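Report on the structure given below.
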Amino acid sequence: MRLYNSRILNPHQSIFILVLQCLITIVTSHQEVLFDLSKVGSDLKWDQVSLRHDRDDVWMEETWRNPAATDEKHANQRAYVTCNYDMINPSNWLFSHFIEVKTARRIYIELLFNTRDCDAYLNPKSCKETFSVYLKQFKTSRPGSTKIEKERFSEDIDNWKNIGRLARSNSNMTTETLGMEIDSDTKTIRIAFEEQGICLSLLNVKIYYRICDEFTDQLVYFRPQVTGPKETDMVRMNGSCIPNASKKIPGVDLIGLCMSTGSGIKTSGECVCDSGYSQIADSNGARCESCPTNTYKPKGQSLCKSCPSNSISSEAASSCRCLNGYFRAEDELISMPCTQPPSRPIKLVANAITATSTRLSWNEPSSLGGRPEIWYEVKCSGRGECGTVVMTPGDKKLSTRSVQINGLRPSSDYTFLVFAKNKVSAQFPEFSEKNAVIDIRTRSEEEDVPPVSHLRVDASQSDGITIAWSVSDSDVSDFEVEVRPAIVKKRTFETRHVNMTYTTFIGLNPETVYQFRVRIRDDLRWSQPISYQLGRGLMSSPSSNEVEESQFLNQTGSALLIIIALILIVIAVALCMIVVQKKSKNRKQMSDLDVLDTYKQDSMTPDYHTTSRHHHHQGNLPATLHEQLRSTTKLNAPLIPSFGSPISQPPPYYGGVHPNSGKYKTYVDPTTYEDPYQALIEFTFDISPNDVFITQVIGGGEFGDVCLGGLSKNSPAAAKWSVSNTTMGRGGGGGGYESEPYETVAIKTLKSGSSAKAKAEFLTEATIMGQFSHPNVIRLIGVVTSAEPVMIVAEYMANGSLDQFLRNTDQRGEKVHWEKITEMLYGIASGMKYLTDMGYVHRVSFLRDLAARNVLLDMELRCKIADFGLSRGVRSEGSSVEPEYTTNGGKIPVRWTAPEAITHRKFTPSSDVWSFGVVIWEVCSFGERPYWDWTNQKVISEVMIGYRLPPPMDCPMGLYRIAQWCWKMERHERPTFTQLLATFHKYILQPTLIEHDPGELPRRVQSQSALNTYGSVNVGVVPTPPSSAAPMPSLDDFLRQIGLNHVYGQLVSNNIHSVSDLANTSHLDLLAYGLMSAECSTVRDGLNGRISGSPPGSSGTIHATTRGTRTTRPPREEGFFV
């Protein structure tokens, strides 16, 4: 193919052209007519020549009436007729006038004619049924001679090109179109017709060429274009953007193609309306119309938009300008509304004015200027010496509405200005007037009284004290408390920040005299210190913090006698406690009390309002001092504490135990802290971001990614972890080789930009994990909070989750001995016993989702309980685990949850025992899903009527019997984790007992129901339910159980008064009584579960033959009822 006057296309691209013609929008063609015989009204008098005879009347000009004419004026049309079959070998020619070709490069000759068949004549001398058409091109518009002469034509006949030989195609008139390429320098043409003994009526001759009409596509305008000289030519069309439009992509040509058929298409390029103009559809395709006043449009394909608030525009505007006094920030888009700077702060006051300091506070401005952000700046101006003034937390970009000012001079006047700012404040010309001003005068040194006074010991115990103090300003609630050994050679101390007027120190050394002092945070004035020693009370303060070592030795000598006396007292108390514990051994524990509601527990939680943060000097302290000063619990705690509070446990009970006591610490609910960050400091170890790194992402969670990483062995966190691992056994499975400088750890990250709530929940999980230290509970190493992203660093478990490990092992055909499985279950039970002894709260907000997926395995196949997250999103449909069953109190994993926890929201250690039974079934089935593909509602209804999971294939009956023990409906009949540990320990010592069923199993119940083809249940005699199942309910109770109590009246009105009557009613009868089809199916499923003992909706064992139907035997689904 040839692209005329532009570029040459490969001939093999014809298929591509056809595809373009089919897919791209095609514009209609246009014909430019050069000659039309039907439109000629006068005589033609065309030249004619008979080469082989001396005749000049072979072609006769006649008139005929065209019935298809569009108007009466052209109904009678000129035509040429010839019929010379009686001539011998004729060659008769007819020549048209000269026809100007204009800009045509290819012309089309459309002929309308009719002929007669030769067999219509008896004895023709020379008869033909075809005629020929010729064309000759001329380089001039007016040739010298127009008359055709016979002699000259005979010599010139070779210059006439034969363009077609035509014959009739039907019995009526035939239309044929011939195409001919025109040379670029041709001005005129003549058409000739040769007949050689044919009866022919030449009714019409139409000569034209094709033009691709002008068109607009995607705001690109293309002018009319003549088609190319060849039938396969495509002529390039250069487009241009319509007015008020420009190219969408600069540099891309606007190109179209004019096909030989006269159809134009756009192939590349696109235009968009300019800024301030919007695209409007019209009859030509589209146009760009200017945006009206108070609207705007940037460049692109969007429509005109109304101006944002506080802005206006003129016609054809690309953006809106802000009204006077309104602005946009430099980083804001033109679509954002215009805003103002905030007004001045209000109610600026100075509090706690002393000789050298004061605290300024103010309220938010009355107008924020329509913007969400605001910050404050404070300036010392005018009066007073401002060079020594120090502002905390600073004087620029303050997000709080208060500032502590220190460094003032006594008895001096100062002026302070407070400005409110936002992102547009810098553009406001009169900003200096938008401020609040206050004048103050500091006190003299004589009248300046320290704000903290009357420091005293409020309560004391054998190893701790509570100190309290008074303040002159009741609004102050942020204090800094310092404690230090009063008699040491080195100046070592520790500080903590509290928000109450008391705090507690526990684990104090009876041999040490401690000195305490308090001040308001950010205030340089300390209270008068007090010194205190356990067993001796308040001591007179030494004249100096540094005394001779001999003085220290004299005091320690006298303290030895006190220590010996204390040891004797402790031994006596311990003996008394043992006697008391034996007497109360069978008493019910606090955590099992049913009457202690959640709201009552919350109201009896002891005070946790203080926080302990190590001072930056803490590196110089003795190693035991941090352990001694950990408690924040007030000594005079409530007499009836909530479960898990420190005082509910045997002493010592100041938030923990002595490091060497060997007893479990009690679990502390992080949500009882007023500031969750305080709990994070107390129970976790902060890791430097430089000591931890991420190597790869191995999973994802709600808050962020779960990654594999490393922890530097030289870091304090690694050293602390190594000590704990030495104490309780090596933890995770990827601890790193000895030659490597890092430990392999698991890292859970928080997504950048997470909300404050998400971050608090994320770190609360770390606070929970940080309280646990057990070989079968996942171990927290520390947290990273000083850099993004925030991380939780825990030990790495190389074998992943327990359920996935079992499934993979089973798929690979590897065998795990039942002895090893028993050891795994022993480890899970051990970890659960530890959590129960810790007092880990059994409430839905802290629900322990005990399932095989939340148990991890290390390299030694040691099981560790994990996943202590507070907030779990509902899993997607694509997950392997069905979404949790949601109630008003939270989300419950129904398949693992005890019945009383689902129905009554009662979570106790017995609830965890039920879940542990399901875990046993998961492990014995090698990761199979509990209750298979049943819905949550079906699981609930089946469990409530006594259904229990059947034993997995090849499962030892000893293990399955333990699971059944855990699934007792009455929670008080279930075993404790202590009992479970004893049983598993026995199995480990005597593996042969695993295969032995130590007790009588519940009776296996087979379905006795039969369904006919119409869905009714045929029950001859209602079978006796299992001994432990509920009795047959009344009709009303049964309908309530399946959620159809609203149809009770319909059934009773149709003489159905019992469940037996309902069981003998067919599906069609139920429909006739007014029940919907879905309700009938629910009744049938409920009857299957009630009568047969098989799960509702499952197939019965036998379908009886009724009403002439055939007997079928679907697969049997069996279960156990208890």
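Cβ atoms are placed via backbone N, Cα and C, with glycine included.
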Candidate annotated as N-linked glycosylation site in Swiss-Prot, where the set is Asn244, Asn1064: Asn244
Candidate annotated as N-linked glycosylation site in Swiss-Prot, where the set is Asn554, Asn725: Asn554
Greatest C-beta neighbour count within 10 angstroms, which of the binding-site residues Gly700, Gly704: Gly704
Under 8 Å by Cβ from Val706 (ATP binding site), same chain, sequence gap 6 or more: Val697, Ile698, Gly699, Gly700, Ala746, Ile747, Lys748, Thr749
Contact set, same chain, for the transmembrane segment (560-580): CB under 8 Å, 6 or more residues outside the stretch: 462, 510-511, 535-536, 650
Within the predicted model, mean pLDDT of the domain 'Eph LBD' (31-217): 88
Residues in the domain 'Fibronectin type-III 1' (341-445) grouped by DSSP into helix, strand and remaining coil: 6 helix, 44 strand, 55 coil
